[in-house]
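Record features, source TrEMBL:
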- His146: active site, proton acceptor (ACT_SITE)
- Asn177: Mg(2+) binding site (BINDING)
- 69-294: domain 'DNA/RNA non-specific endonuclease/pyrophosphatase/phosphodiesterase' (DOMAIN)
- 72-294: domain 'ENPP1-3/EXOG-like endonuclease/phosphodiesterase' (DOMAIN)
- 1-19: signal peptide (SIGNAL)
Amino acid sequence: MKINSILFLSAIFLLIACNDDTPDGTSGDNSNQNANPTVIRNARNLEMPRLDDQTGDIYSHYVTYRGEQVLNYTLDWHKEKKHSRWVAFVFTNTTSGTSWNRNNWKGTEWNGKVWEGDPFQPDPDIPAGERNELSDFSRSGYQRGHLCASADRLFSMDANGQTFYLSNMSPQMGSFNSPNWSDLETQVRNWGRNNNFRDTLFVVKGGTIRDDQIIEYIGGKDPSSPTKVAVPKYYFMALLCKKYDGGQNTYKAIGFWVEHKRYGTTPSLRTWAVSIDELEEKTGIDFFCNLPDRIEIPVEQTYNIESWSGL
């Protein structure tokens, strides 16, 4: 597993209460939490899935915001598939801000270039030959679909710009990217930007890259980067909402499992909802492993659709 980071400077509706006696507000036994937090700075953040023998290369992208280093998002990169297994990030009062507009990119200088539109570019942290390139998506029949959406990161120019790294892109059918996937993303943002709904919304998004969960491969036209890009057969989201209520932290979680196909009109988002336990079975990913077991186990077993307003 390769470790890297940018600017590395330093369900029934379950209301699960816990004492705020650790930095992330959790306490108690945890049989599956990530180890080595000194090796991967954010390994024990609640949004981080379990790092195991299926994990690829971890890259964390930071931005400087109001004089402080803020984690924008983290991804699990698999160079043999040229695709991220997952992207993890959070909505807080800081990261849910909307001071930047995607339309501002025209004529803006960033990362050493004046842009005429969206700043799509290879991830500068991933070595050439291991990353995907613009040519991989050219004339492929698929769009460059965001995992961490551009609109998920509007709190600063840098935060938004990093969402256009190709490591955060997935080949998506145009009609799936919009409106289907984007409709679900919009609902997640509605929760993420609602201060009354959450204190923190922990988000993991991804596309399946297991051999039996891939539609096909595209790209590989660049001689310096001949590996082709996997096209996921399914996309998923795992959400954990933390809210201080009644003198204690409460938690609820929900997952979404979406087949990558042409739907036409977007089905009810409820039809894609699953428990975190079910999502873990489908993906092989252990979500929210850094929660204490007494919180993680019941929160992941089930969900109450009515507690997620808008579904």
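Cβ from N, Cα, C; glycine included.
TrEMBL labels come from automatic prediction, so no person has curated them.
What you are looking at is a predicted structure, and each value in this text was computed from that prediction instead of being measured.
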Seminar exercise, completed: Quick note, His146 (active site, proton acceptor) and Asn177 (Mg(2+) binding site): C-alpha atoms separated, nearest Å, by 9
Exercise. What mean pLDDT does the predicted model reach across the domain 'DNA/RNA non-specific endonuclease/pyrophosphatase/phosphodiesterase' (69-294)?
Worked result: 96
Exercise. What is the number of other Cβ atoms found within 10 Å of the Cβ of Asn177 (Mg(2+) binding site)?
Worked result: 19
Problem set entry | Neighbour tally for the residue listed as 'active site, proton acceptor', based on other Cβ positions within 10 Å of its Cβ | 23
